[in-house]
Amino acid sequence: MSLQEPSSSSKHLEDSSVSRESQSHDEFGSSTSKSTMDYDPQGSPVQYDAGLQDEVDCDVLSKIESDVNLSRELSRKLTNAFAVEQDTDTLAPLLPMGNGRPYPPQAPDREQYTVAFDGPNDPLFPQNWATGKKIRMCLLIGLNAFCVAFGSAVFSPAIPYISAQYGVINVVSTLSVSLFVIGFATGPVVWAPLSELYGRKPVLFVSSLGFMLFSFAVATAQDIQTIMICRFFTGAIGSGPMVVVPAGFADMFGSGSRGIAITIFGMTIFCGPLLAPIIGAFIAKSYLGWRWIEYILGMLGAAGFISVFFYEETHHPIILVNKAVTLRRRTGNWMIQAPHEEVTLSIKEICEKNITRPLKMLFTEPILLLISIYTAFIYGILYLFLTAYPLVFNKGYHMTQGVAELPYFGLIIGQLLGGAFLIWYELSYNRKIERSGIKRTPEARLVPSIVGGIAFPIGLLWFCWSGYYADEVHWIVPTLSGLFSGFGLITIFNQCLNYLVDAYLVFAASAMAANTFLRSSFGACFPLFAGYMFEAMGINWAGLLIGLFAACLIPLPIIFYFYGERIRHKSKYAFVY
């Protein structure tokens with residue numbers, strides 16, 4: 001196998017638009033095989049072993065990373081950096097070795113010193129870990145994701161108390177929620193590429209530590225400005241798990257089981273904001289006061305921070321780096337290296353190529369853009385419910401604070417039902433794959449989102465129109481609407497996440513960062529205008545407006561179900577199976 005000069009961002013493996021030539025290689029023994037010429041987005045040629053392209057089973061990524069050259073190319077993809085090569089273009093004089101020593105001879109071909117996974121069954125490869133270990137890792141990182149999602153909405157019951165204490169209107173106090181969610185939008189743009197460069201664990205470590213510290217800072221703040229600033233940084237620094245967790249699931253699970261894992265993740269980040277107002281309301285109205293909302297959140301963050309110490313790195317290139325470090329230390333041979341260690345990065349390269357990549361993908365990839373718009377709307381409605389539910393049950397049904405938040409359990413139960421449906425679908429689809437041997441495609445993930453897309457506007461219209469007639473309709477009626485709304489929320493959001501991870505397998509973290517950026521922007525804006533919209537239009541007509549908008553988005557997953565594969569073939573970043 002030969003690898004041509006890499007560019008800063010290599011294209012996905014694909015069978016179309018390639019030229020083939022015979023070539024001998026002896027990387028794992030002497031053999032003759034076909035090699036496939038591929039081209040990156042800048043037009044530079046890259047060669048891959050055609051044997052990899054001819055395989056159609058679901059673990060494409062594991063095959064790539066079991067091979068030295070392809071693992072090196074993957075690191076270049078993830079970092080957008082060149083391998084260390086002899087610089088023949090510089091005009092600066094060569095620095096001396098020192099102490100009068102001559103320049104050493106050129107090192108032998110580094111190929112024989114480059115580590116790789118020891119075949120597809122290597123126990124170091126995260127997808128080969130025992131099921132118990134995978135579950136343990138998922139629980140550890142899932143705890144951090146839940147803490148952040150919970151923290152985004154737990155502060156909403158404190159809004160009237162902050163308004164009264166600091167003499168500001170409610171919409172100003174609502175910024176404490178919106179700024180946290182805006183932090184969700186900005187943080188992942190940094191955390192996603194850093195997790196690909198340095199691994200998942202360092203990002204989780206810094207993110208969970210920052211989340212904990214800024215939560216305590218909010219609890220002790222003495223003015224409204226400090227509260228707002230610290231809430232923003234709690235969301236921005238604490239948002240690491242929002243992109244690391246789904247990327248970590250992609251590290252540990254093949255496409256056959258990844259859907260179930262991401263279903264659980266989706267339930268975590270949706271149930272967290274719905275459970276949070278219930279707990280926050282009872283804390284705020286108690287003798288503890290609103291500050292203890294943040295004290296308890298900081299304690300949860302501390303538990304998440306401690307859990308990171310027990311988490312093992314799952315990012316495949318970093319695992320090979322750790323393997324190379326161990327071999328160098330044990331053998332004393334400093335030439336042993338991992339493909340990921342060959343990249344050289346400057347701050348300028350990180351800013352220009354890595355941090356900007358999620359934004360570039362968002363506005364150049366139609367799949368990512370349109371799916372992100374759909375999930376952003378869904379996510380915005382989730383935070384709009386933080387205004388709508390108290391408006392209906394507190395003002396309409398005259399329930400006290402805390403009790404007025406209990407109807408959120410209708411949404412939570414709906415999400416649990418949706419999660420059960422997704423797990424059933426995933427298991428039945430896997431059995432169908434095993435029986436028929438058909439090719440697994442990312443587009444198959446979208447089927448449940450089509451069902452959820454129909455249920456979601458039904459739940460919205462049901463809630464708003466029944467809640468409008470609070471004097472005539474029993475409170476259980478709008479509460480039960482949450483079964484449809486919650487079902488739609490989780491099935492749409494979760495399957496769209498699954499689709500993005502499968503479609504942008506190598507760039508999953510960057511795709512998730514772009515998605516998180518857009519959906520968090522919606523989540524931050526919706527609570528700010530929700531109160532004015534419901535008061536001006538009435539909850540019935542406002543519900544009709546957002547319900548019709550939700551209905552207009554129903555065709556999106558249907559379009560990608562039929563045409564998604566064709567679009568991925570034309571993409572610069574999407575993975576073609």
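Cβ atoms are placed via backbone N, Cα and C, with glycine included.
These features come from TrEMBL:
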type	residues	note
COMPBIAS	1-10	compositional bias 'Polar residues'
COMPBIAS	11-28	compositional bias 'Basic and acidic residues'
DOMAIN	137-568	domain 'Major facilitator superfamily (MFS) profile'
REGION	1-49	region 'Disordered'
TRANSMEM	137-162	transmembrane segment
TRANSMEM	168-191	transmembrane segment
TRANSMEM	203-220	transmembrane segment
TRANSMEM	226-249	transmembrane segment
TRANSMEM	261-284	transmembrane segment
TRANSMEM	290-311	transmembrane segment
TRANSMEM	367-386	transmembrane segment
TRANSMEM	406-425	transmembrane segment
TRANSMEM	446-469	transmembrane segment
TRANSMEM	475-493	transmembrane segment
TRANSMEM	505-529	transmembrane segment
TRANSMEM	541-563	transmembrane segment
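Beyond the ends of the transmembrane segment (475-493), by six or more residues, the same chain brings 263, 266-267, 270, 274, 374-375, 378-379, 381-382, 385, 392-393, 397, 399, 407-419, 421-422, 448-449, 451-460, 462-463, 466-467, 557 to within a C-beta distance below 8 angstroms of the stretch. Long-range contacts of the transmembrane segment (406-425) within the same chain, counting only residues at least 6 positions beyond its ends with a Cβ under 8 Å from a Cβ of the stretch, are 259-260, 263-264, 266-267, 270-271, 274-275, 277-278, 385, 389, 393, 447-448, 451-452, 459, 475, 478-491, 494-495.
Residues 148, 151-153, 155-156, 158-160, 162, 203, 207, 224, 227-228, 231-240, 242-244, 355, 358-359, 383, 386, 512-513, 516-518, 520-521, 523-525, 527-528, 531-532 of the same chain, all 6+ positions outside the transmembrane segment (168-191), place their C-beta atoms under 8 angstroms from a C-beta of that stretch. Highest Cβ pair count under 8 Å relative to the transmembrane segment (290-311), across stretches 203-220, 261-284, 367-386, 446-469: 203-220. Highlighted: of the candidate stretches 226-249, 367-386, 446-469, 367-386 has the greatest count of Cβ pairs under 8 Å to the transmembrane segment (505-529). Residues 152-153, 156, 177, 181, 270, 273-274, 277, 361, 408, 411, 456, 460, 485, 488-489, 492-493, 496-497, 499-500, 503-504, 511, 514-515, 518-527, 530, 546, 549-550, 553, 556-557, 560, 564, 567-568, 571, 574 of the same chain, all 6+ positions outside the transmembrane segment (367-386), place their C-beta atoms under 8 angstroms from a C-beta of that stretch.
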